[in-house]
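Just below is one structure, and these are the notes that go with it.
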Amino acid sequence: MSLFSCLLLWTLWAACSHGAMDECIDEDDRPQRCMPEFVNAAFNATVVATNTCGSPPEEFCVQTGVTGVTKSCHICNAADPRLHHGAVYLTDYNQPVQPTWWQSQTMLAGIQYPNSINLTLHLGKSFDITYVRLKFHTSRPESFAIYKRSSEDGPWTPYQYYSGSCEKTYSKNNRGFIRTGEDEQQALCTDEFSDISPLYGGNVAFSTLEGRPSAYNFDNSPVLQDWVTATDIRVTLNRLNTFGDEVFNDPKVLKSYYYAISDFAVGGRCKCNGHASECVKNEYSKLVCNCKHNTEGADCNVCKPFYNDRPWRRATAENPNECLPCNCNGKSAECYFDPELYRATGHGGHCRNCADNTDGPKCERCLANYYREASGQRCLSCGCNPVGSLSTQCDNTGRCSCKPGVMGDKCDRCQPGYHSLSEAGCRPCSCNPAGSTQECDVQTGRCQCKENVDGFNCDRCKLGYFNLDPQNPQGCTPCFCFQHSTVCESADGYSVHKITSTFDRDDEGWKGKQRDDSSVPVQWSPSSGEISLISEDYFPIYFVAPDKFLHNQLLSYGQNLTLNFRIQRHDARLSAEDVVLEGSGLRVAVPLIAQGNSYPGEETQTFVFRLHDTTDYPWRPTIKHADFQKLLYNLTSIMIRGTYSAQSAGYLDNVSLVTARRGPGTPARWVEKCTCPQGYLGQHCEQCDQGFRRSRPELRRFSTCERCNCNGHSDTCDPETGMCNCQHNTAGLSCERCKDGFYGDSTVGSSSDCKACPCPAGATCAVVPKTNEVVCTNCPTGTTGKRCELCDDGFFGDPLGEKGPVRACRACSCNNNIDPNAVGNCNRESGECLKCIYNTAGVFCDRCKQGFYGDARAANVADKCKPCKCSPYGTVDRQTACSQVTGQCPCLPHVINRDCGACELGFYNLQSGKGCERCNCNPIGSTNGQCDIVSGQCECQPGVTGQHCERCEVNFFGFSSSGCKPCDCDPEGSESAQCKEDGRCHCRPGFVGSRCDMCEENYFYNRSTPGCQQCPNCYSLVRDKVNQQRQKLLDLQNLIDSLDNTETTVSDKAFEDRLKEAEKTIMDLLEEAQASKEVDKGLLDRLNNINKTLNNQWNRLQNIKNTVDNTGAQADRARNRVRDAENLINTAREELDKAKEAISKVDIKIPTTSGDPNNMTLLAEEARKLSEKHKADADQIEKIAKDANDTSTKAYNMLKKALDGENKTSSDIDELNRKYLEAKDLAKNLEKQAAKVHAEAEEAGNKALKIYANLTSLPPINTKTLEDDANKIKKEASDLDKLIDKTEKEYNDLREDLRGKETEVRKLLDKGKTEQQTADQLLARADAAKALAEEAAKKGKSTFQEAQDILNNLRDFDKRVNDNKTAAEDAMRRIPQINATINEANDKTRRAEAALGNAAADAKDAKAKAEEAEKIANDVQKGSAKTKADAEKAFEDTMKLDKDVDKMMDQLTAAEKELEKKKAEADTDMMMASMASDNAKDAEGNARKAKSAVREVLNTINALLGQLGNIDKVDLSKLNQIDNALKDAKDKMAGSELDRKLKELNDIAKSQEDMISDYDRQIQEIRADIANLNDIKNTLPEGCFNTPSLERP
């Protein structure tokens, strides 16, 4: 196996071991394994050799290997620098051109087995050795060994043996191997490098891990980790290799055998066990690791003093195994590793010298009689009281162990309930637990009583209190007695009772309520047996208790209200009013977490609230106990908050209220029995005694009792209300007034104090103080007056019958057509309505006023009387009144509708004021008999005119129900455009036909002379003969007719005579005809030919004329369409100008309040309307464009049909086809522009609506956004204006093209298009080639990168390993080859990228890629510069660089310079692209010149066609002239160099094809080069299969 392959294997191993790591922490500041860089540890290191030539000087000869050849001999002199070969040359810089070497004495001096030579290399520090390499200047030894020491004072361990006689020399098997499980630190022996050849430059490389089974599990193999560790390397040279000629003892032969080594290299890393990324020299110039991971030592082989929490370990790829700090709780900075502690706890750091009175492996505990303070920082002295404590040691909180009855942290005082501290402790107090706090005076023993308790031992209630209860924090309950007594006691016969709601069957009457008292439904769950409330917002919702929990709950004072409650979400926001009680005009509330309750959560919890006024139960506001009891006595509401956040729910269950009731059971001792003062009765003094009443009945039982007072009209009164049982027509609480219907002073005290009132129906009355007049005060409804003798306002009648019979007062009936708040709506006597409203009138407002109509009695005001609103033009005498029922106005003749505002069908002129006039439309000439309501113009059939559609239009005829037909008289053949009634035109002389569009016999049409011209005289003879024959035929016909019509009988003889006569006549005619035929036969033949020719030419010219006429008509229509489109565009532009002007005038002001945004609404509405109008305009433009497209299509089809088969005018068809396509394209563009205008109009409308929507949401208004929107709309309007200008220009271009009607031949341009298509195809191929080239470039760059990596490895190898000369030369030979291949591939890739396509855009792309390549080259150059700088530094540190490496660097620099040419070549390609663009422009100019030439030829052809159309007689010479002119035109066309220009274009296209082919070829070459690079890559070995062996010396 080659040395190079072995080194690659080691490179792979180093990469797998992350050997190139530079940092000991990763990007997340986490520790990771790190190692120093891979170096040649032997470089410039001192080697001690046990034998060296030159002392004294001696001669040695160079071994040639050929017997009998004169040997080349030299002198080795240690004193001469030029001739010495000391051990210093073993580790210097190896230069193949000027080699240096160490050399031993020759065999002549006794250097041969068993004598051996040792070469000892001291590394100065332990290294992880990867390989040891020796490069021999002579032939390699027959036997030598490599040893190593793991420490500077350790034993030598054999590394590897090399021998041609392994068993004989080293007692080792030749090429042995190590099996799994065997000792992997044994040295092996091999004969692989023991041949005598080569005689010069042989390499021997030993890989320390090769052949070791655990090499691929190196991180977990301590054996191999120790195996590769070395501080010293020794090479022992045991036996020289010879040819056997030494047996002759020839001095010259013996002088040719010696040891010589030119390079001694040791590859490895400074050993830092994965905890350092570099080794540095310390203050003693000794090489040590710059340790990280809290490690130290020369090899980072121990943890720092305070980092011993786990045992030191070597870092691995999976675990950096950094040393961890000891946990001394901040009490020590010293620790050591305790293996036992580590095995027991997993933490081995044992702290030393703990501070702050602490102790333990982690300083985690305090010293005896010390405790740790609350902050945990230090330990404090316990300080226990010796009298009161049981021990001097306290607990972790500093509390001492106290004697009975003693308390305090230091046991220095008595506990509550104890007193008199002594050696025996404290004595207990004798306090009543129900009335005391269980504490007493520590000196006297007097008990501390609860708030409402008294006595030395707190065993009795204070005055005004009762029921000494241990559960009562105040001890005793205050007497209530409705505040009428302060003396009470516990009542007998009452037991404990609970009012509950368990919600087992329903919600039991519980309700939900918000703060605004609005009701919220309560949800009851039968499955969970609970009720719930759900909120949508943060406003709270309360559960409201039903009646059974309310009213008199006085017996619940001091007792508990209990409930189970949970919430849906945990984010509850509590308040001060979570539980609310209301009653007797009082209101108290408490938070849910008051009185020691927990915070509500998603789990059900029990909440307990004591109904008491003490401050321990913080009901707010704070009220006295009497008020709290008063509240409970008349409890009107219990509310429990159910929701505490938005979108949440609260769940309530098991509500109970403790109270008391009479009956057996657990005694309720909190029920009072009062001792009442005089005037009071009842258990709670809640009643007044006989003869007493409430002084303030509204206070009910809280009112004091006083004696009854009835002003002498009663002896008794109601004890609760104080109401007297009044007599003598008196009334009132104390009989202090007369009852209704009576008057007088009841306080006098006599039985006649009150008298009856003089009023009807028992009405009440009063006495006027000044006049003592009795006045009725409560008259019956509808009456008024002192004695109720008058009808009230709004009523009528005669209640006293003063004006006739008695009539009771009744309400006036006005059909709800009066103002009920008005006064005097009707007459009080008759009931007539006086103030009718809603346009009504009448006694009872039961009809509409004049000029109004409708139902005055309608219940709905809108259905009552409405104004007539008669039309003044259509109403009789311009009346304003109408039918009050139907609203119909009186209409003039032939006027209709309710308001007389329209004419009948077939009538008009409503504004005349005299009625409508009949249209009188002609039933034949009009469409429907109707006319314009203002002008009276009838709707006419096509071609019909006149106000009544009674006649045909000018130049029309055939008046009928379908309209009039156009005369369509030929303008040249008719005297006028108007025809006769039968449609026949008035013809000019020589013209015939209904349209005067044909010449009569013996007349012909000549385009050069107006009108039909008479044929030559020769045609007159023919015409005369024809007329004679026609006359004879006519005579014959007349004869036959006369025979049929005659009444006379013709005899057979006469008939035969006449028949013979006729036959004779016919034969004469036949003979004359035959004679004429013979005479004029030649003339007829010639005439027939001429006529045939003329007919063909005439038909052809007529077809052309029709085509031109149709084309002109189509062009006119298209021009009209274009004109219409221009008008629409102008209109759109005007509208846009208006829109821009309106937008520019927009001044959006911020309203000072949130007022009405009507102005902005109007603006948005106007913008929306404008956008809709633009949309309509765009639709119209689109329609016109479509019509123009259809027109162009129709024109194209007509022209194509007319010119089909005409070879000479095929160019015309092509040009018209082109025109059609251009018109179609323009129409499509117009449609697109219209669609764009349409879309922009819609977008403007949408934005306007959006502005409107935004404005309607004011306030606030973001003026900045509005200004931006306005500016944006302005910009869009400006863009739209530009778009319209562009569209107008396109329309102008189209119009000019249509006006020109030039039939230009574009064959050249068509061929140019074909060439363009070919070029497009070529460009497509170029694009495909570009894609392939880019992919190839990508692969080439990837291969380049891989080769560059290999090059870097080789460079690093050459710099640091300094292999033997043969391998180095081989590597150097391969490096230029690889670089040359890479450079060539990159150069071709660059050329392919730069040359793909001949367009400027492709050249720009190529230039960009060239710049990128230049950047890559610059990067490579920078890397090379750095390498060069490193080399220069190495040169300064040592002696000089190897010239071969310089040569390699020169080759790399040349490659970089070659890459720099890339940009220049890309610029050249840019210039070539520009030239190609210029060529394309020249081709376009040539095409234009060809177009001009074709146009000129076309004009000539048109002139010839014109001459053909002006033939006045057949002239063969003229036809020959035309033929010659046509040939001249063809020659002229041929002289226009069209063929040459076409050939030039073809040549350009062929050149482009050649360029593309060249690019394809280059791409194929690039692919081949890439394949070659891949082959080179694949030939690099991936492993080393040497099996070296070592043995101990």
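Placement of Cβ uses the backbone N, Cα and C atoms for every residue, glycine included.
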Exercise for review: Pick out which of Cys845, Cys848, Cys870, Cys882 Swiss-Prot lists as the disulfide partner of Cys865.
Suggested key: Cys848
Check your understanding: So of all those disulfide-bonded residues, Cys382, Cys776, Cys791, Cys865, Cys987, which one's Cα sits nearest to Cys351 (disulfide bond)?
Key -> Cys382
Exercise for review: Please spell out the DSSP helix, strand and coil residue counts for the domain 'Laminin EGF-like 3' (382-428).
Suggested key: 0 helix, 22 strand, 25 coil
Exercise for review: Could you give me the DSSP helix, strand and coil counts for the domain 'Laminin EGF-like 4' (429-478)?
Suggested key: 0 helix, 16 strand, 34 coil
Review point. If one measures from the C-alpha of Cys987 (disulfide bond) to the C-alpha of Asn1006 (N-linked glycosylation site), what distance in angstrom results, rounded to a whole number?
Key: 17
Exercise for review: Might you list, by sequence position, any residue in that chain lying six or more from Cys414 (disulfide bond) with a Cβ less than 8 Å away from its Cβ?
Suggested key: Gly405, Val406, Met407, Ser420, Leu421, Cys426, Val442
Exercise for review: Please compare the disulfide-bonded residues Cys366, Cys788 by how many other CB atoms fall within 10 Å of each one's CB, and tell me which has the fewest.
Suggested key: Cys788
Review point. In angstrom units, rounded to an integer, how far apart are the Cα atoms of Cys940 (disulfide bond) and Cys870 (disulfide bond)?
Key: 33
Revision key, fill the gap. Of Asn118, Asn654, Cys900, Asn1006, the recorded positions lying within 10 angstroms (C-alpha) of Cys889 (disulfide bond) are Cys900
Review point. Compared by Cα position, which of the recorded positions Cys366, Asn654, Cys776 is the closest one to Asn1006 (N-linked glycosylation site)?
Key: Asn654
Check your understanding: What is the number of other Cβ atoms found within 10 Å of the Cβ of Cys351 (disulfide bond)?
Key -> 26
**Study point:** Distance [Cα-Cα, Å, rounded] between Asn654 (N-linked glycosylation site) and Asn634 (N-linked glycosylation site)
**Key:** 23
Review point. What's the CA-CA gap between Cys366 (disulfide bond) and Cys791 (disulfide bond) in angstrom, rounded?
Key: 109
Study note, to complete from the structure: Around the Cβ of Cys809 (disulfide bond), other Cβ atoms found within 10 Å total 21
Practice item. Restricting to the domain 'Laminin EGF-like 10' (967-1014), report the mean pLDDT as a whole number. Key: 87
Review point. If you draw a 10 Å sphere around the Cβ of Asn1006 (N-linked glycosylation site), how many other Cβ atoms fall inside it, taking every protein chain shown into account?
Key: 15
